[in-house]
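**Q** Mind looking over this structure? Questions follow.
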Amino acid sequence: MNFFGHEQLSGFRRIDRIGSYPQTPAGGVWPGDSQESHHHHHYHLKETFQWHRRKGSRVSTINDWLQIQIGGPDLGKRKKPSSQNRIKSTKYTLITFLPQNLLEQFRRIANFYFLVMTIISLLIDSPVSPMTSLLPLVFVIAVTAAKQGYEDILRFRTDNVVNASPVTIIRDGVEAIIKSQDVAPGDLVVVEKDCDVPCDLVLLRTTDPHGKCFITTANLDGESNLKTLMVPRELPTVDLKDMHKLGMIECETPTTDLYSFNGKIELKGGEGRVLPLSAENVLLRGSRVKNTECVIGCAVYTGMITKLQLNSRLTRNKNSSSETYINRFLIVILVTLIAIVTLLYFLKRYNELFVIPKLTYLGDATDSYSVKQFLQDYLSFLILFNYLIPISLYVTIELQRVIGGFFMEWDMELYENETDQQCVVNTSNLNEELGQINILFSDKTGTLTKNEMNFQQCSIAGRKFHFKKTRLEEEDTHALLDINKFNADQRVFFQALTICHTVQVAAGSLEEADASSTKKEPVVTGKKSGPPEMYSISDITEESHNSSQQSELNVSHSIENSVSANPNGVNGGGGGGATITSSSDVNPLLVSDDSYSVERRKRPQVVKRSPNFARPANRVHIAPTPGDTQTHNQTELNGGNSSSSTNGAGALHSPIHSPHIRPISLQFQRSTSERDLPQFGEAHNGAALGHRRAHSYGAPNAYLSNPIGSSTPSTSAIFRSPSTHSRESYAAPTFTRQPTILVRAESQRRKNEIRDFIFTLDYQASSPDEKALVEACANLGLVYTGDDDEILCVRIVPPHLDYKRPFTMGKPKEEKFHRLHVLEFTSDRKRMSVIVRDAEGKKWIYTKGAESYVFPLCANSSAHLVTKTDHHISDFARLGLRTLAIARRMIGEEEYRDFLQELAQANSSLENRKQLSEECYAKIESNLDLLGATAVEDALQDDVADTLVSLQAAGIKIWVLTGDKVETALNIALSCGHIPPDAKKYFIIECKSREDMLLHLNALDREIIFGIGQECALLIDGKSLAVALSEVAKEFRDVAVKCTAVLCCRLSPLQKSEVVALIKSSNENYNTASIGDGANDVSMIQEAHVGIGIMGREGRQAARCADFAFAKFCMLKRLLLVHGHYHSVRLSLLVLYFFYKNIVFMGIMFLFQFHTLFSSSSVYDSLFLTLYNVIYTSLPILFIAITEKPYTEEKLMSTPQLYKKNTDNKQLHWPYFLIWVLFAMYHAVIIFYFAFCMFSFNNVILSVGQTAAFSCFGTLLIWGVVIVVNLKLWLESMYLSYWYIFTLVISILGFMVTTVIYNVINLDYDTDIYWAYNNLLASLPVWLWVLLVSVACLVPDFTIRMLQRGLNIKHFSIFPGKQRKLNMREKFESTYL
């Protein structure tokens, strides 16, 4: 459905003629529109505001409040669009690019150093051409600027796609399509189903008959569950053409808080009514409209001041730990440079004073020595040796990182076929950091587990049952029960699960299910429901602090007979809606009544029904506009589809009607914790069956099967207390339960029919656990088919194994319950309730929530049952299952009337509305009769156990930070291999004081010290961790890092980031990584040195904020062990080689000064100084820095211990650096003195029999340097490919070609090397010299490498090193007390 009757195209609205008068929607009326006037409560604010409107502005500001005219200013006052809604993520503009980029680049010390050197060389009589410094600097700056400019252009193009997207608006009652960037505050924006909201809007109109709008906010907070927004209460109904005359919106200036909004609407008219606005009335940019055909909103915040953009602040830049070593090397080289320059200067002064006067042929020495002469001499040496600092190092590192990032994104092993997701590299400058990880912090739900829920067990009236697809198996007697064998307690329990929820049936899905299965008769359907409002039941779900369960999936069984879902356990007719039955010879689920049908809509549609909507006052209609030619009734508008919502409270078809009661939507808050665990069985005779998952659902290596022994914490070690942390929120995945193997083919066919029917119904839930419960009821025979105007329909399925009678005989029974109210879930209440009226007119309240919050609400008569159920919940949670408690009671008429009055008063209050409503809820949620509890399993991710074990073998300590209770998290940790099965487990639970925490830490430290070689695992809860972080942070950190594994439970997102920050503060300089998949993991991901996101089911917020992102947790193994190892090795080789080749280059210059009376003359031509780092030596090192593989990928994956070779940047430590420096000095000495001796003893080396000129000496030296440094790189490389050898050859040939071209051109540019190189090429002694120098330089390198490989000699074993010193010191450390 849309507002104007236009068709949809590619998610946007299309019109044939802009400005054409809009038609009324199908049905001829707007939901909520009417020509009738309604009398409501009027809210008057006795405040007078003066509205100072700036000329041409749509928005005025008064006392930090914005005033916005609904519909924008009048046509005559409207100015040309000014791109107020334009989004800008670029860093530069055409004007600011050059100055801003240059400023950023010259902040780097190497670039700034060369800039200073270039300026100095221009100011003094430089010994070399200033171009030798200027050209490399310009090259590096240009390449970096081009890279950053290109990235900014990509951001600019992305912005343009968003800014130029079409948006439908209504101006002066006429529809028009404009660009998104031209939306201005005050515009009336039309947003259709499944379309993104272009700016922050105040909701004014919706196709929902009760003024509701359903959205998802995955782009905002990572939560993909549906949320409900409301049209402002008491907003008068006007025609579309008059909406711009509604009045004025006054609101606060935009803030970053996604869950708060304060404002009001001042309506035009004599009364001057004021309506309050809150967060439930605002659609934020980045959210997406779901299950609501069309909405209209007034733009309030646009462009860069929307809440999404205000929350999109750039995070702090993360720097690789390798840059610390690079900076250290640069400082050492810089100090060496100053020392060399100072030494040569004093030697020059010495020669000028004592040597040159004795050399009479040089003339008389100057008598005076000025400051100018000092600067000339000193700075000349500085210019001469400035190539000790490798200017091209930074640009080469950047190119290597960017290309390496592409390699990771192109890795097919990091590609996920099912979701078509490849690895994403958001921060390429951290590539090598992947190989330096010491401690990994991991989320659990959705990261270690799949977030796919499967109903496993339940506790009913103190008896434990296992779910067997279509039957229940009692644990004690192993008796199998199908639906016709259920007693009253079991019927009521599952009847409660079918009506106490907020699950929606997708629009048209029931009709599609009937159509797909009914082949012999026409499809006839009743009015079924679409999605209602969503509140996360997983936020309610809580595993008890003492829990554990044994569960398994067995062969499924079938339902035999129909049974009533009446709350009292007796058969009764449905009420409150049309009977919906039919005959089918295919599937007994798919039957409907021939006596009732409505025409199916061509386009499936969802229409919501509010359970708390006052029907007489709010069922209103708009009069048809003149352009309409048809009038449709309300049924046609609804399309035969309606569903329920959880928000609000009020009367509906109740004895007392309150026309002023409107549903309220409490602020939705994301919960913070997670819970799921694998299961381990425990036999009734006490024998441990071993850790296992109840069902892996095809996930290879999803669990470990090691015996657990006494791995479960004893009751004395764990103290139980009510949970105070809210739960994790989950998206609703597609339910795909694998069909079980049945003995009889007929039973299998029937079971497939059930599965297909449930799949076709397409349940939409706020959490996978809630969906799993409703689908479990459907498998048992209680099929929730939706709601019709708050009449919940539950279809009772005939028995599956009754083959003697024809399928078409009899009709399925439908039970109907009138849903009166939904008492919303909040993070404080940790429960939700529904109030229904059954077919007999009795009113019931059903409550479902965390047991620690539901048990206190139960009556004293249920005390014994509470004890039994609590014990069962403890069993469930120890198996890692997610639990909920279920309770109910009957409500009397007088009590219900009092509830309605109190709720009406709470809803009419402008202050403390939420608190008053919750107090009202608490009164009626009391003296409940406990029914039982449910247990749902969350399966482990694929290969999660292998991944964790491999990472631990690689020396990475893994900390799991979760919101679960200790028992649940412990069993997940044991099942997935996080905690070794034979490890000692130390629990710190409910620790409330500093003294107690120190006692625990002291005891744990002694356990670690005296249990040498024994693995130890620490398990700590949120309360204890809060004490540790605030009171004894250092002591806790130092003890915890000694443990093999750490499990932190009941943590909030803030505590997760605090734990990461604490470990980062250690003097050990641990490199940390965090991995998670939800918005609640963002702070942890951004705090760690390396943030890794999983593109999971909870939105993409974590993946967007992470440095690296991929689809599955098991890919982390390859990312770290393969790519991390490769990038660390490659960067180490790159950095060390750059310093090596420049030391060789400048070492010859240094030696040359001793033979020229320290004249600051250059032995090289300026061309060689300019091109040495740009052409002669740059390509091979860049190529090998992106392709080097010291081990094969298979070797690294199968031998995780190899990862340890590079951690802590071992290959960038001083011993490695010094070895490269020594080789550089050796090579410089060999090259220089071999050439010096040849020229000294007999310089008649040319083929024409002439002596060689000085230009030949310098050219010969640079030729030898280019060959030796390239061959040295070849020798150091492990992965030799033809392309790599080609780069080596092309670099040497590049030197030869450029030198030949340069020396045949007679340029009096710097030194005269005219025809010098050609003469050298024609000389046989020169070629022999090149061969001799290459061998003499590289024989020691080759010999040492062969000895290391042949004798397996480890590098630098004689160096004590920092880690060895620390290990020695730890042997003598005492405990903290």
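Backbone N, Cα and C atoms are what each Cβ position is placed from, and that goes for glycine too.
TrEMBL annotations: computationally assigned, not manually curated.
Copied straight from TrEMBL:
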TRANSMEM  110-128  transmembrane segment
TRANSMEM  325-347  transmembrane segment
TRANSMEM  378-397  transmembrane segment
ACT_SITE  D443  active site, 4-aspartylphosphate intermediate
REGION    511-658  region 'Disordered'
COMPBIAS  546-560  compositional bias 'Polar residues'
COMPBIAS  627-637  compositional bias 'Polar residues'
DOMAIN    1103-1351  domain 'P-type ATPase C-terminal'
TRANSMEM  1134-1154  transmembrane segment
TRANSMEM  1166-1187  transmembrane segment
TRANSMEM  1214-1236  transmembrane segment
TRANSMEM  1248-1271  transmembrane segment
TRANSMEM  1283-1305  transmembrane segment
TRANSMEM  1325-1344  transmembrane segment
**Q** May I ask which of the stretches 325-347, 1166-1187, 1214-1236, 1283-1305, 1325-1344 has the most CB pairs under 8 A with the transmembrane segment (378-397)?
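**A** If we count Cβ pairs closer than 8 Å to the transmembrane segment (378-397), 325-347 scores highest.
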**Q** Count the other Cβ atoms sitting within 10 Å of the Cβ of D443 (active site, 4-aspartylphosphate intermediate), across every protein chain shown.
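**A** Within a 10 Å radius of the Cβ of D443 (active site, 4-aspartylphosphate intermediate) lie 31 other Cβ atoms.
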**Q** Do any residues, 6 or more residues outside the transmembrane segment (325-347), come within under 8 Å Cβ-to-Cβ of it, and if so which ones?
**A** 109-110, 113, 377-378, 381-382, 385-386, 388-389, 393, 1135, 1139, 1150, 1153, 1158, 1160, 1209, 1212-1213, 1217
**Q** Cβ under 8 Å to the transmembrane segment (1214-1236), counting only same-chain residues 6 or more beyond its ends: which ones?
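**A** Cβ under 8 Å, 6 or more out: 329, 1132, 1136-1137, 1139-1141, 1143-1144, 1147-1148, 1150-1152, 1155, 1257, 1260-1261, 1264-1265, 1268-1269, 1272, 1329, 1332-1333, 1336-1337, 1340-1341, 1355-1356, 1359.
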**Q** Answer yes if the transmembrane segment (1283-1305) and the transmembrane segment (1325-1344) have at least three CB pairs under 8 Å among residue pairs 6 or more apart in sequence, and no otherwise.
**A** no
**Q** Can you work out whether the transmembrane segment (1134-1154) touches the transmembrane segment (1166-1187), with the criterion being 3+ CB pairs under 8 Å where the paired residues are 6 or more apart along the chain?
**A** yes
**Q** Residue list, the transmembrane segment (1325-1344) vs rest of chain: Cβ under 8 Å, 6 or more residues beyond ends.
**A** 1223, 1226-1227, 1230-1231, 1234-1235, 1238, 1245, 1260, 1263-1264, 1267-1268, 1271-1272, 1275-1276
**Q** What average pLDDT is reported by the model for the domain 'P-type ATPase C-terminal' (1103-1351)?
**A** 91
